[in-house]
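A.B. asks: For reference, the structure I am asking about is given below.
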Amino acid sequence: MHPFFQELQQGSQKLGLSLSDEALTLLLKYQDALVLWNKAYNLTAIRDPKEMLVKHLLDSLSILKDLPAGRLLDVGTGGGMPGMIIALCQPERSCVLLDSNGKKIRFLKQFIADLKLKNVIAVQTRVENQDTIDELGQFDVITSRAFASLTDFVGAARPYLHEQSIIAAMKGLIPVEEMEELKQEFSCKVIELHVPRLDEQRHLLLLQRI
């Protein structure tokens with residue numbers, strides 16, 4: 001058994017999730033690969049596996065039960081947070097992980113190939129690239145935890161939206177001023193997240209066109 005298996009299992013249960021042993025094992029394989037590649041490719045500033053478990057895996061898992069179903073785009077995915085974690089837990093969901101950083105996408109593509117994952121692809125491009133917009137089309141859910149600015153994220157997501165699409169933004173503090181700027185066009189539901197062993201404010205913002 002993986003040394004972090006029980007810790008991840010207990011953490012996910014505290015988040016209200018009932019993940020299978022297979023899903024937990026896949027998540028830990030992903031973390032092991034991230035730790036290994038991080039030594040050479042600097043994929044994340046977090047190097048301690050125990051800290052990674054909390055700040056990457058559990059943090060990403062904290063939004064899982066609040067995400068609507070459907071095809072998902074993760075913008076600025078970096079090393080795959082939260083997109084890869086969602087894909088591993090929900091094999092029925094089609095996921096596209098998008099980032100402009102070649103090293104990070106190379107890591108994700110290799111991991112996808114090694115595990116023969118069928119529901120997720122990684123694409124190296126900029127979110128505003130018109131060819132990318134034309135090729136990928138529209139999504140039901142668009143996630144990100146990379147954008148400092150909510151308005152920037154909404155602007156980047158806009159070409160990928162259909163009428164019912166949900167923008168799911170992972171934030172620390174609630175960006176009240178930015179929400180005010182967007183309220184004429186988007187409804188916004190704020191969900192307070194409680195990540196086990198993380199003593200920081202975390203929120204999920206679910207935005208939808210009015």
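Yeah, the Cβs are placed from backbone N, Cα and C, and that goes for glycine too.
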A.B. asks: Write down the one residue from Arg93, Arg145 that Swiss-Prot lists together with Gly76, Met81, Val127, Glu128 as binding S-adenosyl-L-methionine.
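C.D. replies: That S-adenosyl-L-methionine site, as Swiss-Prot gives it, pairs Gly76, Met81, Val127, Glu128 with Arg145.
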A.B. asks: Helix, strand or coil by DSSP: which one applies to Arg145 (S-adenosyl-L-methionine binding site)?
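C.D. replies: Note: Arg145 (S-adenosyl-L-methionine binding site) is coil by DSSP, not helix or strand.
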A.B. asks: Taking Gly76, Met81, Val127, Glu128, Arg145 as the record's S-adenosyl-L-methionine-binding set, what's the max Cα pairwise distance in Å, rounded to a whole number?
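C.D. replies: About 20 Å separates the two most distant Cα atoms.
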A.B. asks: Where does Val127 (S-adenosyl-L-methionine binding site) sit in DSSP terms: helix, strand, or coil?
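C.D. replies: Going by the DSSP assignment, Val127 (S-adenosyl-L-methionine binding site) belongs to neither helix nor strand, so it counts as coil.
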A.B. asks: When you measure from the Cβ of Met81 (S-adenosyl-L-methionine binding site), how many other Cβ atoms are you left with inside 10 Å?
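C.D. replies: Around Met81 (S-adenosyl-L-methionine binding site), other Cβ atoms within 10 Å: 26.
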